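**Q** Pasting in a structure now, in structure tokens, and then I'll have a few things to ask.
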Amino acid sequence: MTQYIFPCIDGHTCGNPVRLVAGGAPRLEGATMLEKRAHFLREFDWIRTGLMFEPRGHDMMSGAILYPPTRGDCDVAVLYIETSGCLPMCGHGTIGTITMGIENGLIVPRTPGRLSIETPAGKVDIEYRQEGRHVEEVRLTNVPGFLYAEGLTAEVEGLGEIVVDVAYGGNFYAIVEPQKNFRDMADHTAGELIGWSLTLRAALNQKYEFTHPEHPQINGLSHIQWTGAPTVPGAHARNAVFYGDKAIDRSPCGTGTSARMAQLAARGRLGVGDEFWHESIIGSIFKGRIEAAATVAGRDAIIPSIAGWARQTGLNTIFIDAERDPFAHGFVVK
């Protein structure tokens, strides 16, 4: 009998789940985390689906697996897993992983209060504030973000023509701002946004190409960001980020906030040093800031940072036994 055991630490970042896999991870081949990610997807994607999909996970589940870094300037490497695949970078996942990893001794930074992690998208610098054994806040300085395309259009049944900008913040995001056929996310239910997101994402991916100019392995539009006016004091904007097949991010979305800041910076509405507090669909806040200007393959870009908090909710030992369990590798109800 072959039974695989995965000890996990469960938690959430500003309301969105994070499952940190504390053991049982496979050895991966590759000179970089981007190459290791490709190996994982080729041979071990059943681990992702088994841990993220029902019956062990759910539509909003996301997680991370720790690895030794391939580069000397990083303390640890992170592979992100979720229902939609293995993201190059995940902001809320990073905040949760760092928080629970440090609190449980899985991550030991060389310099207390700061560390660098290797992600498939590149190096991410981290600062964290710890009080006793608890990590109270994590700020990550993300990979460069940039506006990729403006004014793209697609037809969405039930709404009509929708115009979006697409920006990169670690993943590609179609940003839907107030317009003729969409006034504010507050006018609609999460279920409506999910249904429209599936149509919009498919239409945009069919009509346009989305490829990172320096990392062609990062391609395709994966996320839809619906926007609206803030409802929490201090917030500058509100969002509902769609990912996977049925998920709306409960957090303000770290890479989505990075992409939004890149879009606003390209329009001249944010500059270096400016803060951007982003409100989620449930009212939690990420504190964004533009740390520096940058360029990506000749494009104007920014170096964004995101601050947020996470809490551990429990310990979980998960079994995957394909010989006895017909749903060992998970399932999705569509």
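Using the three backbone atoms N, Cα and C, a Cβ is placed for every residue, glycine included.
Straight out of Swiss-Prot:
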- CYS90: active site, proton acceptor (ACT_SITE)
- CYS253: active site, proton donor (ACT_SITE)
- GLY91, HIS92, HIS223, ASP249, GLY254, THR255: substrate binding site (BINDING)
**Q** Give the distance between the Cα atoms of THR255 (substrate binding site) and CYS90 (active site, proton acceptor), rounded to the nearest whole Å.
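**A** One finds 6 Å between the Cα atoms of these residues.
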**Q** Which three-state DSSP class does HIS92 (substrate binding site) fall into?
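**A** For HIS92 (substrate binding site) - judged by DSSP and reduced to three states - the answer is helix.
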**Q** With a 10 Å radius around each C-beta, find which of these binding-site residues (HIS92, HIS223) has the fewest other C-beta atoms nearby.
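**A** Per-residue Cβ counts within 10 Å for the binding-site residues HIS92, HIS223 bottom out at HIS223.
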**Q** GLY91 (substrate binding site) has how many other Cβ neighbours within 10 Å of its own Cβ?
**A** 31
**Q** Return only the integer: C-alpha distance in Å from CYS253 (active site, proton donor) to HIS92 (substrate binding site).
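**A** Rounded to the nearest whole number, the Cα-Cα distance is 6 Å.
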**Q** Neighbourhood of the substrate site (GLY91, HIS92, HIS223, ASP249, GLY254, THR255): other residues with Cβ within 8 Å of the Cβ centroid, in order?
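**A** Residues close to the substrate site, other than GLY91, HIS92, HIS223, ASP249, GLY254, THR255: CYS90, GLY93, GLY169, GLY170, ASN171, VAL241, SER251, PRO252, CYS253, GLY256, THR257, SER258.
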**Q** Write down the Cα-Cα distance for CYS90 (active site, proton acceptor) and ASP249 (substrate binding site), rounded and given in Å.
**A** 12
**Q** Per DSSP, THR255 (substrate binding site) is which: helix, strand or coil?
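**A** Going by the DSSP assignment, THR255 (substrate binding site) falls within a helical segment, counted as helix.
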**Q** Determine the C-alpha span of the substrate site listed in the record, that is the greatest distance between any two of GLY91, HIS92, HIS223, ASP249, GLY254, THR255, in Å to the nearest whole number.
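**A** Largest Cα to Cα distance for the substrate-binding set is 14 Å.
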**Q** Using a Cβ cut-off under 8 Å and a sequence separation of 6 or more, which residues in the same chain sit near GLY254 (substrate binding site)?
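**A** The list for GLY254 (substrate binding site) reads CYS90, GLY91, HIS92, GLY93, THR94, ILE95, LEU140, ASN142, GLY169, GLY170, PHE286, ILE306, GLY308, given in order along the sequence.
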**Q** Go through CYS90, CYS253, our active-site residues, and report the one whose Cβ sees the most other Cβ atoms within 10 Å.
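**A** The residue with the most neighbouring Cβ atoms within 10 Å is CYS253.
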**Q** Let me know the DSSP-derived helix, strand or coil state of ASP249 (substrate binding site), please.
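**A** Coil, per DSSP.
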